[in-house]
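The compositional bias 'Low complexity' annotation in Swiss-Prot covers 1-10, 1253-1264, 1272-1285. Annotation source Swiss-Prot lists region 'Disordered' at 1-46, 368-402, 1194-1336. Residues or ranges marked as compositional bias 'Basic and acidic residues' by Swiss-Prot: 36-46, 384-393, 1194-1205. The domain 'Protein kinase' annotation in Swiss-Prot covers 59-309 and rests on sequence analysis. Among the features that Swiss-Prot reports, ATP binding site is placed at 65, 66, 67, 68, 69, 70, 71, 72, 73, 88, with the record citing similarity to another entry. The feature active site, proton acceptor is assigned by Swiss-Prot to 181, with similarity to another entry given as support. The coiled coil annotation in Swiss-Prot covers 654-682, and the record cites sequence analysis as its basis. Sequence annotations record features per position, and here Swiss-Prot assigns compositional bias 'Polar residues' to 1213-1236. The annotation compositional bias 'Basic residues' is assigned in Swiss-Prot to 1315-1327.
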């Protein structure tokens, strides 16, 4: 990290007059920002100045900007230019030799990169203790420090920053560089508001942990990186999404977890939790970043086109073109956090396109919405609203609109206090009806004050009869779904003052005759009509027609209103006005309500009742309730018992006497006994009172129980006598156990298999009273009765079970489980079945809630004990109970994480694991699922390990390998072992010691579906410690990995495992890889075939570990100088991804460096022209690497020409003593290259490669050794001139790097990649011992 962790100082401090004096540090502190001066003393101590490095003579180190595990970052001043830079010091002690050389090579390449959104690498200087990387200085620190000091970022600012980050990231990806460590601390800012990516490429290598463990902090890491599948450009996109969450929330995802649990969650979860308050655009952006499959993750180029990023750039383009300045960014962050902390709902700025005042106005608008208006008169606006939601007009004959068809005011219909019982306040009196029937259409003024209401629709101009006003719209019989559409014309007509009389209204056609059930509602109102006799005649004739068809004045129902009016083409428009007026003359039903019960002289005929054939009753729908009585009456009449014959002497009870049996004396006695019994039981029940003496209550309860046992039919007597409540009242206060026992038996007998009585008992509060007797303080007999009651509650109906649980029944069930199985087996089994029934309940309550309640009582501990006892028994019942216990365990493993943590007790797990082998196969698989689900939570892994889960599961896997259910068992076991061993070396070694390796190898060879579960465990074994690798050696693990190279899905993982193993035990692994005594394909052939047949994604991913492996082991690299490999590499040299082209060039370079012909291989295998084309590649790093290969080829050709003309070459006259060679760190003169290269300490150019005829013992002595300190097996006969303490370095690295980097310690001059001026002195090369070797 190059940033200042907690300061915002402006500009570099003025240089001290005397370099190296403490005054400079004090002055820099005085010139720092107030934010820094307010820091406590402890922080200022941390930011101490660096110890002067003699090799950094052109720089003066200042205060510390940040510290990490491998070093610190200091601000420094360049004495020559006055430029302020950042110097990252890395301790060499913490770096492996191979990593140091890689870093120095990479820095020399990365310093060529230049983009406004990445931090510039300026070079490096190597000292005896540290490697000093010189970087561009960003004065305003990182986004992490801004968030730490000022709070969370608003979305628009995050979008603006992410736009710049994506531009920098896109540039790096186009250059073939993977950042690997994107987070807020590695995104630095400048005063101009620019953000720059830091710590990409090389610097990220220095933040990792040793022993091939997971690199860096886990919270930003992609799942494929955690699983050691290799980092790609898609891994940076995942980290970018985590950085967005970090800036929005102030913390990265899973920040509340420890690193290892966080790694576990990243791999297992579908995606990290998204911020709750994020906008949909941000959530969509994050979901694009968090695609689990790296192949489906979008690229940086596509993310730049995301709407959120585009809008952020567009909003920024409104202001001047330059980026957001630092002060403005800080101000916006402060305002945003103040808004988050403020109690009111208003916002400081207008969010997107929402109304800025909307949030503030909503609380004020809310009360007015529910405030009732003081004036009940409908306003013009309210009339439109109410009309829109009016009920559809009734279309029966009993139509109120027909009664008001002339001049009634619609506003009167809206009055809530008018009731039909009082004729609507007099509006429907006979006087009013006379006025409605008059021709002038005027309305008499009401005495009740109804004339105060204005009626804008009472007098509407129109073309039709002036007597008509508002009419109901005639509906077609289409059903209820068209009701709203049928009422629209009427409403529209009222709004536009257009009469609706043009709509044809057909005559009424009732569905059924009702003349038998009502008085004739047609009366003569001729005295009400003034002068028009013709109209009266027409009205009367119309009523006559209607009466002939029958009319219906039944109470209208909503389901019939729409179908009353039926359109008929037989009636034209001319008949409609008269029909309207005729209908309106009728009296409303409310006016004759009382008269319908009066007899009608014409209704003396009872033929309809007697069921005469000539009269057909059309039973109305509303009379369905009288079906039984009507049918019974007709059946009686059909028997002619009293009406069919007029003879008065006939006995009306003749039929009754015929049906009587003979007098049965025994039946009479039984009835008498039952009557006496009923009286006795009712007397006993009435005596059950809490005020009775306990002795009396005891006698009563015993008598009642005796009677009930002798005659179970007395159950109904007790219920009818309301005996349940007295029994519950006595049970609530009684303490005599004999009374309690008797009453409990009575209750259980009454409620047995009768869910209605059970529900009634629950409703009156019987459950908590009886549950009390399940406690252990009561004797066994009482507890058994209480248990029988509990059993009835949970197995009869869902409702009783729900009420049982709500009354605290779960605690009762747990208490049953805790009893001794030997003594109280029935109680224990009732508890097991009860808990199973609770989980089997299909109700609205989530099972997770039951799990949480039961986990507080540690229910799985007694359940595991019960499981052990049940497995000792045989029979169907034992198997059922075993299955139910296994299902209960499985349900607990599906609950929330808190429940899993509570149930993952060591004693429970140990007991369950021990009983696994004894369980039946089906239930065994269920219990294995329970263990697997627990293993998916990182906090339970220690408990599983302490319960010997790995040992037990491995043994179970071995014992079931030949059984029919092996596939299901191994599926669960392998998942569990994988979850436990992943990212944990101790558990990996534990599994290896228990013999998991040969089992997994056998599964991989035989079981294809299980191969996907076994291979991850096997490949992770190479990353474990010495114990795991020893088991791999014992089971030919290296040969197994080589065989995996032929699998396109696992070749990348296998090659990464081989490379990791080679790092840990270099000499031994290298020897086996070079040995071709294996019967199968050699390692080199496997790699060549892998590169030849691999698909696009696999080919890209395999290049990274392959180039690392070849760079680490030159002897292995030398075996790859094959024409078939170079042909394949040449086909891919023009790949569209820069990272692929760069890795291919690195592989070719490693092979050339390790071979005798070196750069000559390019011309030999026809790659020279293709690499010459790459010298013009758009990617800077590719161009630079191609140029170095071309120069290597030129040097090789030049050397071969010199070798053909030995007379032209002068032999060396002096040699370098071995002691001097072992201690030097740099040549005495800056220039170290021979063929007119730029004279620099280290500029990444290829040093001269010296051909060697073979890998001699002295060459092997220079190769890197293992991390465990073992040397190569071929180094026994080394010459004494090499020195025993000399570090083993690879020959390829020795050829590629200058002599500056060959030795670990330097005392004379530092190695550096910084450019220096050419020396004006004559260039002379110091002769070396190697020169004398090959020159002679």
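The first residue you see is number 1, and the count goes up from there.
Cβ from N, Cα, C; glycine included.
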| said: Validating a neighbour-count step here. Other CB atoms within 10 A of the CB of residue 65 (ATP binding site): how many? | reply: 27
| message | Between residue 71 (ATP binding site) and the residue listed as 'active site, proton acceptor', how many Å separate their Cα atoms? | response | 17
| remark: Other C-beta atoms within 10 angstroms of the C-beta of residue 71 (ATP binding site) total 23
| query | With every protein chain in view, how many other Cβ atoms are within 10 Å of the Cβ of residue 73 (ATP binding site)? | reply | 26
| request: Would you count the other CB atoms within 10 A of the CB of residue 67 (ATP binding site), including those on all shown protein chains? | output: 15
| Taking the Cα atoms as reference points, how far is residue 67 (ATP binding site) from residue 181 (active site, proton acceptor) in Å? | 16
| task | Could you tally the C-beta atoms, other than its own, that fall within 10 angstroms of the C-beta of residue 181 (active site, proton acceptor)? | result | 27
| field | Local backbone state of residue 181 (active site, proton acceptor), from DSSP in three classes | value | coil
| note | The predicted model's mean pLDDT over the coiled coil (654-682) is 68
| task | Express the distance between the Cα positions of residue 181 (active site, proton acceptor) and residue 73 (ATP binding site) as a whole number of Å. | result | 17
| Three-state secondary structure, residue 67 (ATP binding site) (per DSSP) | strand
